[in-house]
Amino acid sequence: MSVETTGSDVRRAASSSRQEDRCCFSVQEGPGGLWDSVKKAAFVIGSGILFLAAFGNSLTWHLQRFWGASGDFWQNLWTKLYVAFEGHDAALFFLGTMLLPTLTFWLSNALLLLVDITGKPSFITRYRIQVDKNNPVDPVKLRQALKTVIFNQVFISGPMVVAVYYLMSWTGNPCGPELPTFHWALMELAAFSILEEVLFYYSHRLFHHPSLYKHYHKQHHEWTAPIGLVSIYAHPLEHVISNMLPVVIGPVILGSHLSSTSLWYCLALVSTTISHCGYHLPFLPSPEFHDFHHLRFNQCFGVFGILDRLHSTDAKFRQSKQYERHTLLTSFTPLNESIPDTPKKGQ
Ligand SMILES: [Zn+2]
Ligand SMILES: [Zn+2]
């Protein structure tokens with residue numbers, strides 16, 4: 001009996017990595033298991049793609065009807081832009097990958113900032129995740145965040161986008177005359193999302209290593225209750241490695257067209273803004289996962305949560321109220337009302 005036990009212990013120790021795999025597969029079926037995370041991520045990506053496909057098709061249909069455009073509306077629109085910018089590909093690329101995503105970022109953040117600064121409308125503040133925080137937001141911290149965000153956009157994102165243009169023009173033609181098909185662009189978005197999950201998870205965990213954390217990542221974590229703007233409030237090195245690279249590398253690898261690259265940058269910026277916004281609003285992706293990362297520091301490092309499940313870096317999250325609330329809110333009742341905190345013992 002004891003020999004058997006020892007034998008199994010030795011086998012366990014000798015094949016720790018394989019055992020880890022088995023361990024993960026053994027919890028696959030349970031609720032909150034790896035398989036569950038994969039299914040959830042597939043559901044999020046899949047429904048996102050379906051939504052975009054439906055939205056794209058119906059938008060195209062409505063636009064075509066409205067303007068009486070014949071043929072492929074988007075292709076015609078692109079052809080007009082292409083002709084207008086003939087010989088000025090770099091300018092067109094910069095407009096699509098810098099100006100448009102930056103405007104999208106500031107438009108969504110301006111709306112959120114209005115709520116953060118004024119605490120109004122109360123219809124929105126009811127959805128605050130960390131109820132007693134940023135009520136109102138600290139103006140000194142906010143000014144500091146604004147300065148860093150503008151610095152990162154002008155001096156890091158801008159030059160990186162220029163570098164990406166030369167890299168993509170060297171290997172292909174990102175501003176080619178023909179648009180990719182809508183469905184190919186959707187497949188690209190799915191591939192970009194997976195690549196971002198992998199690169200963001202591991203680079204982010206690396207920045208949590210004690211030797212790197214205090215120099216490079218502590219700044220981002222000054223906000224234990226983040227707001228939208230904090231999504232790119234980071235040390236410049238972190239901004240390059242963790243924020244920009246995981247997003248820009250996908251289109252470079254796939255040699256994507258400017259149209260899908262531009263759409264991806266806009267989606268990535270809106271998505272990170274939502275993850276940091278501090279409000280779990282109806283019909284928008286749940287920000288509970290990354291909000292919990294800011295609250296607890298050592299949990300929830302990724303974007304979709306697949307790698308956190310694989311590496312068990314979501315164990316505490318899965319035991320929390322925030323995990324129960326980590327879902328798409330499909331009613332107007334705030335989740336901290338429908339799933340209230342459990343009163344602490346002795347209260
Ligand atoms: Zn963050
Ligand atoms: Zn972190």
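Cβ from N, Cα, C; glycine included.
Under the heading domain 'Fatty acid hydroxylase', TrEMBL lists 190-313.
Annotated transmembrane segment per TrEMBL: 41-63 (among others), in sequence order.
According to TrEMBL, the feature transmembrane segment maps to 90-115 (among others).
Note on the transmembrane segment (149-170): residues 89-90, 93-94, 97-98, 102, 229, 232-234, 236, 239-240, 243-244, 248, 251-252, 255-256, 261 of its chain, located 6 or more positions outside it, place their CB under 8 angstroms from a CB of the stretch. What TrEMBL records for 149-170 (among others) is transmembrane segment.
The transmembrane segment annotation in TrEMBL covers 182-202 (among others).
Cβ atoms under 8 Å from those of the transmembrane segment (90-115) belong to residues 81-82, 121, 124-125, 153, 157-158, 161-162, 164-165, 168, 174-175, 227-229, 232, 258-259, 261-262, 265-266, 268-270, 273, 277, 279 of the same chain, restricted to positions at least 6 beyond its ends.
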